[in-house]
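Taken verbatim from TrEMBL:
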- 1-15: compositional bias 'Polar residues' (COMPBIAS)
- 1-20: region 'Disordered' (REGION)
- 27-60: transmembrane segment (TRANSMEM)
- 85-106: transmembrane segment (TRANSMEM)
- 112-136: transmembrane segment (TRANSMEM)
- 148-165: transmembrane segment (TRANSMEM)
- 199-218: transmembrane segment (TRANSMEM)
- 294-314: transmembrane segment (TRANSMEM)
- 326-343: transmembrane segment (TRANSMEM)
Amino acid sequence: MTALPTQSLLSSSSADGARQGDVRSPLAFVLACLGVVTLAAVLAGFVPIGFSIVTVFLFAGPHNWLELRYFLAKMPARWGPLKPFFTLAIGGVLVLTAGFIAMALVGRSANWAYSTWSLASSVWNSALVLWVATLTWMRGRQTPRRDWSWALPAGLAVVAVVWIFPVAWELGLVYLHPLIALVFLDREIVRRRPSWRRAYHVCLLALPVCLVLLWWRLAGAAPLAGQDMLTMRITQHAGADILHNLSPHLLVATHTFLEMVHYGVWVVAIPLIAMKTAPWQLTSVPLARRSWRWRTAVVALLVCGGGVVVTLWAGFIGDYALTRDIYFTIAIAHVLAEFPFLLRMH
């Protein structure tokens, strides 16, 4: 999500990063990326359920904390003319998250029929699309050389898709969300390691290659062994209860592979490239430099976030299936937060 007072900060840090990046070889970066992607594809293909369990346990909490830390560093100390944008952005994240959680709680307790779930989900997704479309339009108005007036009519067209093809829309969100992290990484490489961008794009070619190999190997794979509740929830999350003509093994492997790439970007790649200080140091967080009150608030937020990470780990150990359900319900907040910040980076 950049403000006029932030632009100079970003441009200066980008120049510093660019100068540093130009004297470093991207070879190690490329090898690390290809290694992680290849290993993730192999594990997702051979042990999809176990790999899904382990990756969520290890990285679900930490990657959310690191996203929070990253977004705090991108938030300007004073919003100025950006106040309407950030107000709508933060308000939308809070309201949509609350609505999503309420929908999950009420729907399960009231044992909604499929038609009721579909109606509630379409209403929520319509609100999501209109929120993103409005933010996009506002972002375009902040830069005179851009004309993003198309965002509002495009948003209305997408709302129609949400109502006509609700299942396809929701599955699209599940499988496309992990790829948003790659866009964030691309923008950071442009700013801080511009000479690495071509190498990064070469690394991206490994993703479709691995996906094609997974689909080729698992297209006719037998159903996953085990009918326990956890296995059923993992396969349902991957869309196996909707895409009946596709192998559940293939769906879980694909989703787990993409999630691991997502975690790898947020836990390793972006901190190494984008963060100028250790995550627990706040010198690069504009809000923390605004006043001691704001610094206290930022510290409290990060400490609370750390507490949530520890609580998640404890919950996974105590009741993995229940904690996983809770996590994927409340984690919608970080999914929503990515949209405004992604707009601010363009």
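Each Cβ is built from the backbone N, Cα and C atoms, and glycine gets one as well.
TrEMBL entries are annotated by machine, without manual review.
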Positions on the same chain near the transmembrane segment (148-165), where near means CB under 8 A and six or more residues out: 122, 125-126, 129-130, 132-134, 136-137, 139-141
Long-range neighbours of the transmembrane segment (199-218), counting only residues six or more past its ends (CB under 8 A): 26-27, 29-30, 33-34, 37-38, 40-41, 44-45, 182, 185-186, 189, 247, 249-250, 253-254, 257, 261
